[in-house]
Amino acid sequence: MQTSLGDIVAHPTRNQRNAFLAWTVVSLAVAQALVQFLPLLGLGAPVGVRASVVRTPLTPAGWTFAIWGLIYLWSFAYAVHQVLPGQRNDPLLASVRLPSALVFALSGLWVVVAQFTGLGFGTVLIIVPLLILLLVVLFNIQPDARDLSGRQRILLHWPFLLYAGWVSLATFANISSFLAFIDVSLFGLGQTGAAALLLLCAGAFCIAVERLLGGSLVYVLPVLWGLAGIAVANVQRGPDYWFAAYAVAMAGALAGFTLWTRKRLTRKVNRRRG
């Protein structure tokens, strides 16, 4: 019995739905990187140029944004992994395929909006759900994290840990830029005071996520990278040594909490085995 194209479109099988969504993930993983080049076609302005207009103490040095190259490459590696025929019906991949597709779609949309409108309210409206979706992906994986194979860690878990770590800090930096964009102070604080409060919130948020993740090094490293960029930028631009020292102290607190959490979990595992 032959199946017509109309039947496939109207009543797709589970395998067909999985294949379609898997290829959608690949397409969006590529698209989120390619939209960076729209200014070369005369469309919009580079995100870096837009960000320089609303620079705040939470804006990191330009070299820190090189991490996006690694994020995009690792996202593409995940996308290729999940589209392979042997992986399409994997239950764990199936649970993260839709939210990961939405992550890539929102990431690309954020870039386009930033290129055309700057770091205004539109980018905040996008980056917050982007962060939430990244956490959805991670916490879908987390119950099985200890049982993942080496390939699953490298091609599934670690790409999203890196992505989520960077976006966790970037979300609060984006909010800081938005407040500068509309020239509004937070709770009557000046720009530096508002940035200090937002950095405190960012640190508390990252610590909470790290606690739930069990002290992930891959999650915290991009946060530390961003904090290093913030410290360097405040020394170079201000110089604002107070805020630079504050960023370094926040990095030390996050690193210390991560190591403490990892040691604590290791002791728990050893006690169970003993």
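Glycine is treated like the rest: Cβ placed from N, Cα and C.
If one looks beyond the transmembrane segment (20-41) by at least 6 residues along the same chain, the residues whose Cβ comes under 8 Å of a Cβ in the stretch are 12, 47, 68, 72, 75-76, 78-80, 82-83, 87-88, 97-98, 100-101, 104-105, 107-108, 111-112, 115. TrEMBL lists 20-41 (among others) with the feature transmembrane segment.
The transmembrane segment annotation in TrEMBL covers 61-80 (among others). Here the transmembrane segment (61-80) has long-range neighbours at 25-26, 28-30, 32-33, 36, 48, 100, 104, 155-156, 158-160, 162-163, 166, 222, 225-226, 228-230, 232-233, 236, meaning same-chain residues at least 6 beyond its ends whose C-beta is under 8 angstroms from one of its own.
Per TrEMBL, the feature transmembrane segment maps to 92-113 (among others).
Annotated transmembrane segment per TrEMBL: 119-139 (among others), in sequence order.
Proximity of distant same-chain residues to the transmembrane segment (160-182), defined by a Cβ-Cβ separation under 8 Å and at least 6 residues beyond the stretch ends, is recorded for 51, 53-60, 67, 70-71, 74-75, 78, 96, 100, 103, 118-121, 123-124, 127-128, 130-131, 134-135, 137-138, 141, 191, 194-195, 198-199, 201-202, 205-206, 209, 213, 216, 218-223, 225-227, 230. According to TrEMBL, the transmembrane segment annotation covers 160-182 (among others).
According to TrEMBL, the transmembrane segment annotation covers 188-209 (among others).
For the transmembrane segment (216-235), the list of distant contacts is 57-61, 63-64, 67, 157-158, 161-162, 164-166, 168-170, 173, 199, 206, 209-210, 241, 243-245, 247-248, 250-251, 254-255, 258, 262: same-chain residues at least six beyond its ends, Cβ to Cβ under 8 Å. Residues or ranges marked as transmembrane segment in TrEMBL: 216-235 (among others).
Among the features that TrEMBL reports, transmembrane segment is placed at 241-261 (among others).
For the transmembrane segment (92-113), same-chain residues at least 6 beyond its ends with a Cβ under 8 Å from one of its own Cβ atoms are 18, 21-22, 24-25, 28-29, 31-32, 35-36, 38, 44, 47, 75, 78-79, 82, 122-123, 126-127, 129-130, 133-134, 136-137, 140-141, 144, 152, 156, 160, 163. A Cβ distance under 8 Å defines the sequence-distant neighbours of the transmembrane segment (241-261), meaning residues of its chain 6+ beyond its ends; these are 57, 192, 195-196, 199-200, 202-203, 206-207, 210-211, 214-217, 220, 223-224, 227-228, 230-232, 234-235.
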